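Colleague: Following this message is one structure expressed as structure tokens.
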Amino acid sequence: MVIMSEFSADPAGQGQGQQKPLRVGFYDIERTLGKGNFAVVKLARHRVTKTQVAIKIIDKTRLDSSNLEKIYREVQLMKLLNHPHIIKLYQVMETKDMLYIVTEFAKNGEMFDYLTSNGHLSENEARKKFWQILSAVEYCHDHHIVHRDLKTENLLLDGNMDIKLADFGFGNFYKSGEPLSTWCGSPPYAAPEVFEGKEYEGPQLDIWSLGVVLYVLVCGSLPFDGPNLPTLRQRVLEGRFRIPFFMSQDCESLIRRMLVVDPARRITIAQIRQHRWMRAEPCLPGPACPAFSAHSYTSNLGDYDEQALGIMQTLGVDRQRTVESLQNSSYNHFAAIYYLLLERLKEYRNAQCARPGPARQPRPRSSDLSGLEVPQEGLSTDPFRPALLCPQPQTLVQSVLQAEMDCELQSSLQWPLFFPVDASCSGVFRPRPVSPSSLLDTAISEEARQGPGLEEEQDTQESLPSSTGRRHTLAEVSTRLSPLTAPCIVVSPSTTASPAEGTSSDSCLTFSASKSPAGLSGTPATQGLLGACSPVRLASPFLGSQSATPVLQAQGGLGGAVLLPVSFQEGRRASDTSLTQGLKAFRQQLRKTTRTKGFLGLNKIKGLARQVCQAPASRASRGGLSPFHAPAQSPGLHGGAAGSREGWSLLEEVLEQQRLLQLQHHPAAAPGCSQAPQPAPAPFVIAPCDGPGAAPLPSTLLTSGLPLLPPPLLQTGASPVASAAQLLDTHLHIGTGPTALPAVPPPRLARLAPGCEPLGLLQGDCEMEDLMPCSLGTFVLVQ
């Protein structure tokens with residue numbers, strides 16, 4: 001039975017107003033570590049051993065049967081695991097409506113938070129940490145347990161900055177030769193077979209995630225990113241990622257062998273241990289003194305630490321009931337005290353080993369400490385004492401650990417959520433200052449791993465022409481909807497967009513356009529007119545929309561940066577010596593917004609080619625022509641849903657196919673069409689027209705919902721475009737004559753005369769340049 005006492009003030013009249021701490025069983029709650037939808041994690045201190053623990057308090061009434069089963073399976077797995085680099089389970093308490101899981105507390109927080117604050121690790125330190133991670137994962141696999149959610153958020157750091165693997169919520173048992181079919185995990189760390197919905201072997205899934213983790217440790221960024229889940233899925237399936245200039249050849253080789261798309265060709269843990277990069281420091285770093293053996297924590301082997309049992313008996317805890325609890329894997333108060341005392345003894349012995357001196361004193365025994373007394377505060381009045389403690393005199397024996405376990409609760413209440421790194425550890429990691437130079441991206445070549453012999457092909461394989469300039473982490477992808485072009489460099493200013501809201505990972509995502517300065521396409525005719533102060537980025541061939549999910553919330557690029565055009569030839573690596581002048585530095589520091597969350601059903605994420613076009617969005621909102629947004633109920637130019645991503649995703653695919661096929665459309669001037677007089681060259685402007693005195697709409701619009709044009713109009717020079725549209729099951733209609741507008745008028749847009757120079761077009765119209773080289777008298781209808 002769990003008794004949970006709330007904060008209560010002293011009775012009226014005493015005037016002190018003091019509050020008793022919140023208690024759960026033998027634990028005093030100190031503060032909140034984290035909150036979720038159905039659970040809260042509290043930092044607590046055991047009242048007997050004075051050890052800090054983490055208590056996960058779960059409201060079972062708010063969980064469905066599947067999630068409750070997941071919680072019970074996590075507890076079952078943690079009961080079977082005992083490893084120095086895996087979070088230990090101390091106690092499980094359950095009532096009708098609540099579940100309390102008491103685990104080890106890692107005082108230095110998540111590895112993710114450390115990387116966001118300090119930048120990436122040096123390869124030597126990353127190797128030490130990766131050895132610890134690898135040993136923990138190998139231990140799980142040896143016990144036929146697969147984790148399935150390995151990521152830096154689940155790698156905790158204890159007081160010695162050692163790794164502690166946590167969160168077995170997606171973990172499960174597996175058997176060799178029996179594939180699993182639960183497609184779960186965190187998208188940036190998930191293997192390709194999870195996105196494809198294929199059955200998989202558990203260890204191969206964890207090895208892919210280990211490759212992503214090692215990349216993040218060394219580079220400080222994610223190898224696979226994207227503004228939304230479909231884009232991320234596409235990049236994971238392609239298996240392409242960037243290699244920074246500072247990564248060694250051996251480290252690159254190991255990462256590439258782990259991040260192989262084909263699970264059958266993926267490296268194994270035994271091969272990882274024998275890899276040249278790992279053998280640079282072959283021995284797993286450990287304490288100078290021998291640590292406790294695994295059977296000290298195992299409940300059913302019958303071999304327990306006699307010193308811990310002796311201390312418990314000295315404190316008045318029934319030895320027989322403690323042994324029974326350990327044998328039955330009860331994980332009750334008796335077992336919790338034993339495990340916590342075992343941890344304190346381990347810390348004490350390691351401290352004795354590290355203490356300098358020619359002669360070390362023997363370990364203290366409880367029988368040698370009969371002159372000490374145990375404070376009885378909190379024990380005599382505890383409701384568990386009759387069942388937990390044996391009849392003892394008022395003066396009990398206290399071990400030498402009791403003096404170390406006593407500490408003030410007031411100081412612990414003022415500690416931050418994640419403890420700062422000790423000054424003695426300042427030289428362990430490579431500090432990364434948070435400066436604008438460290439927040440820039442690098443246009444680094446991407447490579448596709450094809451065929452066997454990855455290590456042999458590294459020096460000879462030339463990278464494909466890169467058509468993307470994406471940022472290196474999920475939160476660093478520019479959210480501007482860049483125009484879709486063939487592989488070429490597009491020079492445009494950086495933009496920033498705000499995250500969209502209210503979307504799901506499985507649907508096409510809405511976006512909110514941002515103001516964007518004018519930009520020019522990277523054609524030879526226009527590149528000569530560009531100033532040398534324009535920042536350089538590559539146009540992305542993927543969806544330019546952003547995601548509102550916590551996993552993939554994007555942030556805009558840094559604006560205002562003035563760099564010279566890129567003047568280097570991209571090869572196998574970005575740079576092996578020094579950065580070229582004007583080349584933006586590789587991001588070596590994660591951002592808080594890249595924190596990932598685990599998902600079930602990753603196989604349901606649809607690819608880019610399967611997105612359904614409902615209605616195209618406006619060119620104004622996509623290209624940042626103006627901050628104008630159409631009303632939600634307005635049809636016409638914006639279709640049924642303003643700002644819809646689905647329409648533009650398909651339109652961009654059509655335009656990409658048109659560019660790649662090098663289709664040219666030169667409409668012949670219709671005899672009945674009168675040409676408007678050519679005014680002086682001026683920028684092309686589209687703006688909303690309101691009021692009764694507005695000019696009539698022009699006859700040429702990019703719109704949706706218009707009736708299909710008759711076949712004769714499609715036979716006047718539009719056959720190449722029509723054939724390209726048929727390949728995509730899309731009706732692309734081109735005409736030069738005036739067309740009647742639908743009954744419900746679309747949002748009214750005014751434009752200047754159609755004879756404007758194409759160089760004045762804003763960035764959102766770059767991809768339309770090939771369709772209107774002569775005039776703007778041609779409209780394109782996508783239905």
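Each Cβ is built from the backbone N, Cα and C atoms, and glycine gets one as well.
Here the structure is a predicted model, which means the values were calculated and not measured.
If you look up Swiss-Prot, you'll see Asp149 marked as active site, proton acceptor, on the strength of sequence analysis. As annotated by Swiss-Prot, ATP binding site applies to Leu33, Gly34, Lys35, Gly36, Asn37, Phe38, Ala39, Val40, Val41, Lys56. The annotation domain 'Protein kinase' is assigned in Swiss-Prot to 27-278. The domain 'UBA' annotation in Swiss-Prot covers 303-343. Summarising the annotation, Swiss-Prot assigns phosphothreonine to Thr182, Thr322, Thr473. Taken from Swiss-Prot, the feature phosphoserine applies to Ser186, Ser575. The region 'Disordered' feature in Swiss-Prot is assigned to 353-377, 449-477, 619-643. What Swiss-Prot lists as region 'RK-rich region' is 583-612, and the listing cites a curator's inference.
A description of the local structural setting of each listed feature is requested, covering burial, neighbours and distances.
Modeller: In the three-state DSSP scheme, Asp149 (active site, proton acceptor) falls into the coil class.
For Ala39 (ATP binding site), the same-chain residues that are 6 or more apart in sequence and have a Cβ closer than 8 Å to its Cβ are Lys56, Ile57, Ile58, Asp59.
In the predicted model, the domain 'Protein kinase' (27-278) shows an average pLDDT of 92.
Across the domain 'UBA' (303-343), the DSSP tally of helix, strand and coil residues reads 29 helix, 1 strand, 11 coil.
Thr182 (phosphothreonine) is surrounded by 15 other CB atoms, counting those within 10 A of its CB over all protein chains shown.
Secondary structure at Ser186 (phosphoserine), taken from DSSP and collapsed to helix, strand or coil, is coil.
Sequence-distant neighbours of Thr322 (phosphothreonine) (same chain, 6+ residues apart, CB-CB distance under 8 A): Leu309, Met312, Phe334, Ala335, Ile337, Tyr338.
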Colleague: So for Asp149 (active site, proton acceptor), how many other CB atoms are inside 10 Å of its CB?
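Modeller: A count of 25.
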Colleague: Within 8 Å of the Cβ centroid of the ATP site residues Leu33, Gly34, Lys35, Gly36, Asn37, Phe38, Ala39, Val40, Val41, Lys56, which other residues of the same chain have their Cβ?
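Modeller: Residues close to the ATP site, other than Leu33, Gly34, Lys35, Gly36, Asn37, Phe38, Ala39, Val40, Val41, Lys56: Ile57, Ile58.
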Colleague: For the recorded positions Asn37, Ser186, which Cβ has the most other Cβ atoms within 10 Å, all shown protein chains included?
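Modeller: Per the Cβ count, the most surrounded site is Ser186.
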Colleague: What subset of the recorded positions Asp149, Thr182, Ser186 lies within 10 angstroms of Leu33 (ATP binding site) at the C-alpha level?
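Modeller: Hits: none.
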Colleague: Within its own chain, what residues at least 6 apart in sequence put their Cβ under 8 Å from the Cβ of Lys35 (ATP binding site), listed in sequence order?
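Modeller: When sequence neighbours closer than 6 are ignored, Lys35 (ATP binding site) has Val41 within Cβ distance under 8 Å.
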Colleague: Please report the Cα separation of Asp149 (active site, proton acceptor) and Asn37 (ATP binding site) in Å, rounded to an integer.
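Modeller: Distance (Cα to Cα, whole Å): 19 Å.
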Colleague: How long is the line from the C-alpha of Ser186 (phosphoserine) to the C-alpha of Asn37 (ATP binding site), rounded to the nearest angstrom?
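Modeller: Computed Cα spacing between Ser186 (phosphoserine) and Asn37 (ATP binding site) is 18 Å.
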